[in-house]
Amino acid sequence: MEEEVEMEGWHQLYPGHIPTSPLQKVLLAAGSAVMALCDPYRHGKAGERSACHPHMVAVLGETTGCLALPNLRDKMKNHPEGYRILRERPRIRLSTLDMARLQGLPDGSLGREYVRFLENNVSVGFHGVQIPVADPCAWSTGEIGATELSWTSLDLQKVSPDTRMPPKFVDDEELAYVIQRYREVHDLMHTLLGMPTNMLGEVVVKWFEAIQTGLPMCVLGAAFGPVRLSTRKLQVLATELVPWAIRSGLNASCVLNIYYEQRWEQPVESLREELGIFPPPAVRV
């Protein structure tokens, strides 16, 4: 661990850490909760999701996770694979992923399906991150075609491991890594659960994560995320998807105890069975 830095009577525990008092955490939690609830899927121009929403949700997770994060850390410490993750501190970043290798894995494998998820959920800009580009004409629309992809230096504006906000307000270096790891495997939860990143898919993943992690921000997203869904989607959510997500969340072992970087070749169905996640319902999400 890096040497602690004294900051006005507090200690900076890791790069980017902002020490806060209990009162400051309460104020941050209240403000971030209000911002997230006022517009849970706020978007900016041209359909791009604004920076406000993910940052507010991230702050909410850090300032309200005082009970859930130690519990998750303890689950990892008491599991051989989880303990190794805590010790080695792997990061899921575009700079640490061999995208060409993952793209060449067989269909149905975790690595290939994860890359397919990224291919289906990215839009492009020009700020220097590696992402797939199929057709230069897609740059103006932010759409990626279904053809063979190459990896080009551009900026991910929608979904990627690199869009996850680093922790700032967690006053424990190890717990900060736990919430960072949770954020970086979130897209893998979409892959394992077979859920897209539309509003309905995000709500379903939040129900699963709420059961799995106990993080208040996940509970909040699961409870209030459906408010903007259509009547038809609400019916599908209530009768099919939420019961499945709850049963899977209760039945599955801790998803943070999987060293995903060493499981890319494993079939998604096999990993679901290992974790105890039931097959997704045969409904259109």
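Each Cβ is built from the backbone N, Cα and C atoms, and glycine gets one as well.
Per TrEMBL, these features apply:
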type: BINDING; residues: His186, Asp187, His190, Glu202; note: Zn(2+) binding site
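Packing around Asp187 (Zn(2+) binding site) is summarised by its Cβ count: 21 other Cβ atoms lie within 10 angstroms of its Cβ, all protein chains included.
Sequence-distant neighbours of His190 (Zn(2+) binding site): residues of the same chain at least 6 apart with a C-beta under 8 Å from its C-beta are Phe117, Pro196, Thr197, Gly201, Val205. With a 10 A radius on its CB, Glu202 (Zn(2+) binding site) counts 19 other CB atoms from all the protein chains.
Annotation for His186 (Zn(2+) binding site): spatial neighbours Arg164, Val205, Glu209, criterion Cβ-Cβ under 8 Å with sequence separation of six or more.
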